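Enquirer: Feature table excerpt (TrEMBL):
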type	residues	note
TRANSMEM	113-135	transmembrane segment
TRANSMEM	155-174	transmembrane segment
TRANSMEM	203-222	transmembrane segment
TRANSMEM	228-247	transmembrane segment
TRANSMEM	346-365	transmembrane segment
TRANSMEM	385-407	transmembrane segment
TRANSMEM	428-448	transmembrane segment
TRANSMEM	479-498	transmembrane segment
TRANSMEM	510-535	transmembrane segment
TRANSMEM	555-578	transmembrane segment
Amino acid sequence: MGSHEEERLLLEEGLVENERSELYTGDGSVDIKGNPVLKRNTGNWRACPFILGTECCERLAYYGIATNLVSYLTKKLHEGNVSAARNVTTWQGTCYLTPLIGAVLADAYWGRYWTIAVFSTIYFIGMCTLTLSASVPAFKPAECVDSICPSATPAQYAVFFFGLYLIALGTGGIKPCVSSFGADQFDDTDPEERVKKGSFFNWFYFSINIGAFVSSSLIVWIQDNAGWGLGFGIPAAFMAIAIISFFSGTPLYRFQKPGGSPVTRMCQVLVASFHKWSLAVPSDSSLLYETSDKSSAIEGSRKLLHTDELKCLDKAAVISEVESKTGDFSNHWKLCTVTQIEELKILIRMFPIWATGIVFSAVYAQMSTMFVEQGMVMDTKIGSFTIPAASLSTFDVISVIFWVPVYDKVLVPIARKLTGKERGFSELQRMGIGLFISVFCMASAAVVEIKRLNLARELGLVDEDVAVPLSIFWQIPQYFLLGAAEVFTFIGQLEFFYDQSPDAMRSLCSALALLTTSLGNYLSSFILTVVTSITTRGGKPGWIPDNLNKGHLDYFFWLLAGLSFFNMVIYIFCAKIFKSKKAS
């Protein structure tokens, strides 16, 4: 009789558990008050329009500054080509370095929602400061008189760069959190929502490029024709709209609890494994320390299964005789859980894939620097209408807007039938295709430059700092190829670093993905500096002089094409040996 009663209670408990799993999310998400969230009322695509709207407006604001920044530095602050390009890539590099700050705050203390809220405010203040620097006469450098262009005063530089780097700090808090916060709206434990999450990353990048499209066409034209004050003011207004859009979706959002500092947890594993260096790792991994609870000891994280790589780190989970006798497992600097160790292993396994993204980002950095400077010495007129050189980046955006739906609606279904994978291509395959396309992008830019230089020689324009009568539309292929490479590589990175990252490290891993862009910009600045230093020896003009008709920008593009090919070969090797994470 007792056994029948126990069976009935277990059955009822199972039914209640199943009913609960159907009503509530299974990934530990909560509402803004910390209560479990109902699936039917929150998250999923119903919450995403607010997040995508925020990202679209924020990217419009960012690219409204970044796209034409090199023109502002050369035309208004009167900087040289190399100095302006270096300032732009250094600033852009900083914009992709500061996400580490936002990521640690989001994962450890504030959560993604409040991190976005705080840094959006900083961002808006930076936008307003930059607008003032281009609007208030005292903050603006004097205009050129004939060929004499007075330098900006230290105070004018200070106001301009203060606003610029406030934007870098603000965007840093937003970047690692928005894509992860959007992906948080889909329950990983629900197969249907998991497939939708893969589609979310495509449309997230699509919304980025809608904002970039408006910036690279309309905003750039306003800056060049109606003034920089208005040209910076409109992006500032859109940043305000982004903040309003984000807060408007609050009742529909799903929130993940911050799990404590991921940096501290990684340090604990290293210290504990060093402390127990002399202890042997048992052959039976079940003897390693892990909590007996169903959930992980790390807030907001599921347990991770043990893997056999990097066994030296497993020493951190070996239970010593003293710990076994006393039953005291509370000191995480001496004893770590398997899940905590696996977090660090995952980051180490992802490192080679992460590193290969740096060269691709250096290629991408050329769109706002060398591609623009190349376009400025080409024929930018259609009849009486002058096209700003920076506006050609519109074709990069058009390429992305074209390829995202084609990828999502055409290529993925075809690939799904061929591979049997729910997302069609794996993230690693997708990124590899993008790296392959990037080689052709740089080769295309080099071919255009060869044609431009040949025409300059034929017309005797080598010694004249003037535009060559070659239509700027010859640049379209390189922009279009770069857009296609973005769709495969950058979106693949977003998916890869979100899916492979531990639950409580997703903002940090998104920041690491963005860090490749930062390092790519710094790499571009470094290559520019080295190339300029070497090629200008002995009084030579170098590859990239102020008068590009005297230079060899084509050699610079071929150099990047070669680096891209070498990088792709290394990536293929790293992708073949990579092993995915295992969640319990």
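Backbone N, Cα and C atoms are what each Cβ position is placed from, and that goes for glycine too.
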Enquirer: Considering only Cβ pairs within less than 8 angstroms, which of the stretches 155-174, 428-448, 479-498, 510-535 has the most against the transmembrane segment (555-578)?
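Expert: Maximum Cβ contact count belongs to 428-448.
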Enquirer: Which stretch from 155-174, 346-365, 428-448, 510-535 shares the most C-beta pairs under 8 Å with the transmembrane segment (479-498)?
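Expert: Most Cβ pairs under 8 Å with the transmembrane segment (479-498) come from 428-448.
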Enquirer: Going through 155-174, 228-247, 428-448, 510-535 one by one, which has the most CB pairs that fall under 8 Å from the transmembrane segment (346-365)?
Expert: 510-535
Enquirer: When only pairs 6 or more apart in sequence are counted, do the transmembrane segment (228-247) and the transmembrane segment (113-135) reach 3 or more Cβ pairs under 8 Å?
Expert: yes
Enquirer: Cβ under 8 Å to the transmembrane segment (510-535), counting only same-chain residues 6 or more beyond its ends: which ones?
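Expert: 82, 85-86, 89-90, 92-97, 99-100, 102-103, 175-177, 179-180, 347, 350, 354-355, 357-366, 369, 493-494, 496-498, 501, 542-544, 552, 556, 559-560.
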Enquirer: Which residues of the chain, 6 or more past the ends of the transmembrane segment (155-174), have a CB below 8 A from one of its CBs?
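Expert: Contacts of the transmembrane segment (155-174) (Cβ under 8 Å, skipping residues fewer than 6 from its ends): 58, 62, 65, 77, 91, 94-102, 105, 115-116, 118-134, 139-141.
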